[in-house]
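J.: Just dropping this structure here.
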Amino acid sequence: MSELSYRRILLKLSGEALMGDGDYGIDPKVINRLAHEVIEAQQAGAQVALVIGGGNIFRGAGLAASGMDRVTGDHMGMLATVINALAMQDALEKLGAKVRVMSAIKINDVCEDFIRRRAIRHLEKGRIAIFAAGTGNPFFTTDSGAALRAIEIGADLLLKATKVDGVYDKDPKKHTDAVRYDSLTYDQVIMQDLEVMDTAAFALARDSDLPLRIFGMSEPGVLLRILHGEQIGTLVQGRS
């Protein structure tokens with residue numbers, strides 16, 4: 001195969017991606033398949049970091065809308081991401097990988113604190129780093145956490161796995177004539193009001209010139225194909 005197009009990546013997975021066909025929790029078969037994908041990418045020579053959402057367990061913003069204090073809800077959501085990170089760590093380690101979970105909030109008996117230089121060192125030593133608890137602050141999504149961590153570790157590419165296979169001009173689930181974009185600039189996304197990620201995360205990525213690829217991860221081997229330069233999903237980078 002060809003040389004890798006990206007040396008260091010951060011993959012953002014939604015918590016819902018771990019549910020499979022269920023409506024709550026973690027499907028062992030799904031997390032095992034995702035772990036195989038990640039290890040395949042690392043064995044090809046990439047340094048791989050992960051951020052996983054917590055929506056399969058708890059979504060703070062949702063309960064805040066029902067009356068719960070937003071800060072409390074967001075803290076509960078952060079803990080949900082730690083649960084998912086530990087589950088992924090277990091799945092990866094069972095396949096022989098060396099993994100470190102690093103949290104933005106202190107849970108020292110469970111995982112490491114996030115320290116930027118240590119995170120980079122883990123990657124350089126061939127370990128997979130899983131960043132949990134978002135940014136450690138309420139009112140910020142795990143998309144923002146993923147963008148922030150990707151910038152901090154100097155990732156060559158931020159990958160966001162979604163339920164659809166890229167960015168469309170309109171909702172492909174509602175419109176059969178929806179058109180998928182192969183590439184976009186950050187300015188085009190703003191001007192066309194396209195849904196890529198939340199505003200804070202998008203601004204971080206744009207201002208740091210961080211390439212972002214939106215793609216679907218349902219097809220086996222897709223992550224490795226992206227690393228080898230295949231144009232899968234939608235690439236967002238640069239300005240108009």
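Including glycine, each Cβ sits where the backbone N, Cα and C put it.
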J.: Considering the UMP binding residues D74, T135, G136, N137, P138, F139, F140, T141, T142 given in Swiss-Prot, which of G45, G54, G96, G166 is annotated for that site as well?
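T.: The candidate from G45, G54, G96, G166 that Swiss-Prot ties to UMP along with D74, T135, G136, N137, P138, F139, F140, T141, T142 is G54.
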J.: Measure from the Cβ of G55 (ATP binding site) and count the other Cβ atoms within 10 Å, all protein chains considered.
T.: 22
J.: Can you count the other CB atoms that lie within 10 A of the CB of D171 (ATP binding site)?
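T.: Excluding its own Cβ, D171 (ATP binding site) sees 10 Cβ atoms within 10 Å.
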J.: Cα-Cα separation of F139 (UMP binding site) and T162 (ATP binding site), in Å?
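T.: Computed Cα spacing between F139 (UMP binding site) and T162 (ATP binding site) is 22 Å.
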J.: Counting every protein chain present, what is the number of Cβ atoms, excluding its own, within 10 Å of the Cβ of S14 (ATP binding site)?
T.: 21
J.: When the Cα-Cα distance from G54 (UMP binding site) is computed for each of the binding-site residues K12, S14, T162, D171, which gives the smallest value?
T.: S14
J.: Which chain-mates of K12 (ATP binding site) that are at least 6 residues away have a CB under 8 A from its CB, listed by sequence?
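T.: Within the chain, K12 (ATP binding site) has Cβ neighbours under 8 Å at L50, V51, I52, G53, T142, D143, A146, L158, L159, K160, A161.
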